[in-house]
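Everything on this sheet refers to the single structure shown next.
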Amino acid sequence: MNATENKPLALIKYGGNAMLNEGLKQAVVNNIKQLTERGVQTVLVHGGGPFIKRALDMAGIASEFIGGHRKTTPEALKYIEMALKGEVNSSLVNLLNASGLKAVGLSGKDGAMAIARKRYHLAQENGQDVKHDLGQVGDVESIDTTLPRTLLQHGFLPVITCIASDKKGNDYNINADMFAGALAGALAADDYLVLTDVDGLLRDLNDPASIIRELPLSELPSLMGTVIKGGMIPKLESCEAALRGGARRARIVNGTQPDTIAKAVLSSHSTGTEICL
Ligand SMILES: Nc1ncnc2c1ncn2[C@@H]1O[C@H](COP(=O)(O)OP(=O)(O)O)[C@@H](O)[C@H]1O
Ligand SMILES: CC(=O)N[C@@H](CCC(=O)OP(=O)(O)O)C(=O)O
């Protein structure tokens, strides 16, 4: 149980690819409603990759990913913030409110909830250590949970996107998985669910039956880069950050089958890949 309240707390990370289908989005919202009706305090953290891409394309700004993070110029950040807050966050809040919930749209900047620091991408190239400057890309340095806890205590549902500032007020674009993991840890979430478009972590991407049901953190390093690739890297790193930060349970589950969300939290139904300390 979460320390400050008697109610369990679930943090759900919802990515942009699973928002493109309106029916799916509504089903995710219905599951969140079920959770709150059954007394689970719920926090939704979201990204919005495809919406960011569309906004940058319209502005004529090219996107480049280095190590899974979008290189972000100060100009690009304006469009990224507009897409995440003005488009994605606002539409999720509308849908949640229309279902009878009281959603509050936020980013990490609100209430100084998340403090960011600049992130560099470190790589080995031709036997040399190389440090790539990603511009306004950040990591979460620290989290103050006062604002989300206050909202939860009063029956509001925080819907939080992955923009945060450093102590001087410079804004950063943070990978939404990494942002969610840090927050799940700081909130000591009873359940951290990372929604994605596959059933969980697969040993063989072409074989759904090769799903890894339980992964101890000690096995993570040996799978990184071999089994765990691309978009799965920040998801696993976020589960590690969540567990080490204080979350009780972390799972990667299939968000394209949204009915697993409520079931996973309410009945401890075994689904997806559970990462364990
Ligand atoms: N071992 C693995 N098991 C499952 N998926 C993997 C694995 N390695 C890489 N992936 C890729 O990670 C993708 C999920 O990451 P991403 O596309 O960033 O998801 P989302 O948009 O849901 O955040 C999967 O669709 C799959 O292509
Ligand atoms: C630094 C960085 O890469 N930030 C991400 C933030 C959005 C995100 O992570 O969205 P999904 O959850 O939909 O992938 C980006 O610009 O795409």
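Keep in mind that glycine also has a Cβ here, set from the backbone N, Cα and C atoms.
The domain 'Aspartate/glutamate/uridylate kinase' feature in TrEMBL is assigned to 10-254. Under the heading site 'Transition state stabilizer', TrEMBL lists Lys13, Lys235. Residues annotated as substrate binding site in TrEMBL: Gly48, Gly49, Arg70, Asn173.
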Can you list the residues of the same chain, besides Gly48, Gly49, Arg70, Asn173, whose Cβ falls within 8 Å of the substrate site's Cβ centroid?
-> Gly16, Gly47, Ile52, Lys53, Ile80, Ala83, Leu84, Cys162, Asn175, Ala176
Can you give the largest Cα to Cα distance in Å, as a whole number, for the residues Gly48, Gly49, Arg70, Asn173 that bind substrate in the record?
-> 12
Consider only the recorded positions Gly48, Gly49, Arg70, Asn173, Lys235: which of them have a Cβ under 6 Å from an atom of ligand 2? Write none if no residue does.
-> Gly48, Gly49, Arg70, Asn173
Specify the secondary structure state of Lys235 (site 'Transition state stabilizer') as given by DSSP, simplified to three classes.
-> helix
Can you name the residues of this chain that are 6 or more positions from Lys235 (site 'Transition state stabilizer') yet have a C-beta less than 8 Å from its C-beta?
-> Asp177, Val194, Thr196, Ile252
Which residue, of the recorded positions Lys13, Arg70, has its CB surrounded by the fewest other CB atoms within 10 A?
-> Arg70
Sort out for me which one of Gly48, Gly49 has the most neighbouring CB atoms within 10 A, since those are the binding-site residues we care about.
-> Gly48
With H, G and I counted as helix, E and B as strand and the rest as coil, say where DSSP puts Gly49 (substrate binding site).
-> helix
If one measures from the C-alpha of Arg70 (substrate binding site) to the C-alpha of Lys13 (site 'Transition state stabilizer'), what distance in angstrom results, rounded to a whole number?
-> 18
Neighbourhood of Asn173 (substrate binding site), C-beta criterion under 8 angstroms, separation at least six = Arg70, Thr72, Ala76, Leu77, Ile80, Gln136, Val137, Gly138, Cys162, Ile163
Kindly state the mean pLDDT of the domain 'Aspartate/glutamate/uridylate kinase' (10-254) in the predicted structure.
-> 97
